[in-house]
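Q: Below: one structure in structure tokens.
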Amino acid sequence: MSRVSQARNLGKYFLLIDNMLVVLGFFVVFPLISIRFIDQMGWAAVMVGIALGLRQFIQQGLGIFGGAIADRFGAKPMIVTGMLMRAAGFATMGIAHEPWLLWFSCFLSGLGGTLFDPPRSALVVKLIRPEQRGRFFSLLMMQDSAGAVIGALLGSWLLQYDFRLVCATGAILFILCALFNAWLLPAWKLSTVRTPVREGMRRVMSDKRFVTYVLTLAGYYMLAVQVMLMLPIMVNDIAGSPAAVKWMYAIEACLSLTLLYPIARWSEKRFRLEHRLMAGLLVMSLSMIPIGMVGNLQQLFTLICAFYIGSVIAEPARETLSASLADARARGSYMGFSRLGLAIGGAIGYIGGGWLFDMGKALTQPELPWMMLGIIGFITFLALGWQFSHKRTPRRMLEPGA
């Protein structure tokens, strides 16, 4: 085995272990934020939505800067610093009793994410061969789902005792992750050339095809982020207990572990990437509309199943398409900018979703936020169809198995 092949093989295992630690640390804390501050402390949903939206926007909106800096200085220092910063954010969240302190903790968490997330994504592009990326992204998503359930179960159990224990556990996991990267991650360059920060950013911004694709995905993310805000609130409201939230993530894990990899393997040879992305988005949109009208957990979990199936179809295609479109001379910058759609869509989804949820309750129209999200999903579906029908993306990057 050549040294390059050996490095790629070892890199896969490193990425999988690193990803599991990050997912566990995140999901111990974040699914419980809405339950802690809305249900237990009685805050308005929009206040918590602002906090979650701020974290999302900081982490993803500034990703191009984190990616460009990583292109210049390498992945390791950015990843280690970012993970320590997120640990500090979680520690601060544990003592948050005023909205401004929750917002500050989410700001720190998001800033840490903008440092470590783009270089981690760029390492996947660097280490995994193009023909294997779709399947590797599917493996990461399966791992994300399993980690989400384990993290949510652990967080829900700790929440019975003290929210500070929840945050301390998340902080410790990110400190361990920082030490793991500091010890084992080689000083790899992300790009084929050492690209200056401004040059990497300029290269991305001049790529109109990539910019259009990323911004169009904002609507997709408005739906996707509700697994952190409105879906847990809805489950808690109908069940009458925050313990039921863990079953929502158990459903996601079961579907991902059983369907994600087989669907990705089967569809990658038969359907173009944009068709898989659009099909998944359509299923997600259709499942959102009736959620506000359900009256029991069985109906709600059925719709959540449909939503997750849509995500299982769409996510590997979205990640693979983003990676395929990245310029090898500025991988960090491209993968950082690819998060901008999540920044915009996530911020609007959290803040707008929280506001619509409060508004729906005030007007006794609980279906209002869900209907709006479904409409946004359909608009995004049409926008993606228009974009791809105009051949804005090179055909070879969209072909099955590309």
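Including glycine, each Cβ sits where the backbone N, Cα and C put it.
Because the structure is a prediction, the values reported are computed rather than measured.
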Q: Confirm whether, per Swiss-Prot, M335 lies on the same side of the membrane as L10.
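A: Result: yes, L10 and M335 share a side in Swiss-Prot.
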Q: Which residue counts does DSSP yield for the topological domain 'Cytoplasmic' (117-138) in the helix, strand and coil classes, in that order?
A: 20 helix, 0 strand, 2 coil
Q: Take the transmembrane segment (214-234) and find every residue of the same chain, 6 or more past its ends, with a Cβ under 8 Å from one of its Cβ atoms.
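A: Same-chain contacts beyond the ends: 30-31, 33-35, 38-39, 45, 48-49, 52, 56, 245, 248, 252, 281, 284-285, 288, 291, 300, 304, 307, 311, 314, 318, 322, 337-338, 340-342, 344-346, 348-350, 352-354, 357, 369-370, 373, 376-377, 379-380, 383-384, 387.
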Q: So are the transmembrane segment (300-320) and the transmembrane segment (244-264) touching or not, going by 3+ C-beta pairs under 8 A with a sequence gap of 6 or more?
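A: Judged by the Cβ rule, the two regions touch, with the required three close pairs present.
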Q: Given the cut-off of 8 Å on Cβ pairs that are 6 or more apart in sequence, determine whether the transmembrane segment (139-159) and the transmembrane segment (277-297) share at least 3 such pairs.
A: no
Q: Residues of the same chain, at least six outside the topological domain 'Periplasmic' (160-164), with any C-beta under 8 angstroms of its C-beta?
A: 32, 36, 40, 94-95
